[in-house]
Amino acid sequence: MFMVNLLTMIVPILLAVAFLTLIERKVLGYMQLRKGPNVVGPYGLLQPMADALKLFIKEPLRPLTSSPSMFIIAPILALTLALTMWIPLPMPHPLINMNLAVLFMLAMSSLAVYSILWSGWASNSKYALIGAMRAVAQTISYEVTLAIILLSVLLLSGSFSLSTLITTQEHTWLMLSSWPLAMMWFISTLAETNRAPFDLTEGESELVSGFNVEYAGGPFALFFMAEYANIIMMNTLTAILFTGAFHNPLMPELYTINLIIKALLLTVFFLWIRASYPRFRYDQLMHLLWKNFLPLTLALCMWHVAMPITMAGIPPQT
């Protein structure tokens, strides 16, 4: 039975990934005053299927000087970890209800760094290695602020379980009360998922395509799917953390629809940012984090720790 549950979670995620590629191309197309894909199927709806078919029937080429086992393991690991991170997300019921769901997600996103590092190293190409090293430095750096922001949110929620956040936000969204945290979280998720304007790892003008430059066909498709699954997962997590969806225990389906709509709007916002902003310079990217976000998030975290202790002696003012 558990396998059936697992499949009912994985298949919709992969379908969402397929159609996100189409939405991205359509949104970018309309923002550049053109149509986007509109040939395969009605309004280009079958384009993702055609893309998947094209990628998976291509011969998976492998550079002669590459490290074969690691070269193959990296994309598989990337997709596996991207799908594993969906397990504790409440929709409104998670696949496995963990006590330390947030910690589990942080650990999984840290492990995803290894797949990037291995792919860059195993390709035995200078471009891939430089792209991988950039991606690893960027991902590890921005995880620091993500963890501190999560800690601040959990201090407000009072539990490491994500399901508690539904109850916490019954009266008001955390996005309204903790908007600086929400803002920094959103920008950090952009950097964490290597999206524009932080897509330094795949700077086409410098690194061709970044750490996956030597990949073709199936393995490349796995990396691609992992990246987009991470984008949808991060936006769903943002929706859970900061814009708590309305949850009526008698109608759990309403919560799911609400959550999906919010995650979709956030994802379209990701694409809007991609269409609007130029790429950051690498040193600016690191300065933004270490000199702006980190001091701010640490100060806010200490504020959230100190306030309940400071206010504990004051009687209720109602």
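Just so it is clear, glycine is given a Cβ too, placed from its N, Cα and C backbone atoms.
Here's what Swiss-Prot has on this protein:
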TRANSMEM  3-23  transmembrane segment
TRANSMEM  70-90  transmembrane segment
TRANSMEM  100-120  transmembrane segment
TRANSMEM  146-166  transmembrane segment
TRANSMEM  171-191  transmembrane segment
TRANSMEM  222-242  transmembrane segment
TRANSMEM  253-273  transmembrane segment
TRANSMEM  294-314  transmembrane segment
Stretch-level contact, the transmembrane segment (171-191) and the transmembrane segment (294-314), CB cutoff 8 A, at least 3 pairs: yes
Chain residues in Cβ proximity to the transmembrane segment (253-273) (below 8 Å; excluding those fewer than six residues from its ends, i.e. six or more beyond): 20, 23-24, 27-28, 31, 91-92, 166, 186, 190, 195-197, 231-232, 235-236, 238-240, 243, 245-247
Spatial neighbours of the transmembrane segment (3-23) far in sequence, C-beta under 8 Å, 6+ residues away: 37, 44-45, 47-49, 51-52, 83, 86-87, 95, 224-225, 228-229, 231-232, 267-268, 271
Tertiary contacts of the transmembrane segment (146-166), as residues 6+ beyond its ends and Cβ separation under 8 Å: 88-90, 92, 94, 97-103, 106, 109, 174, 177-178, 181, 184-185, 188-189, 192, 240-242, 244-245, 247, 255, 294, 297-298, 300-301, 304-305, 308
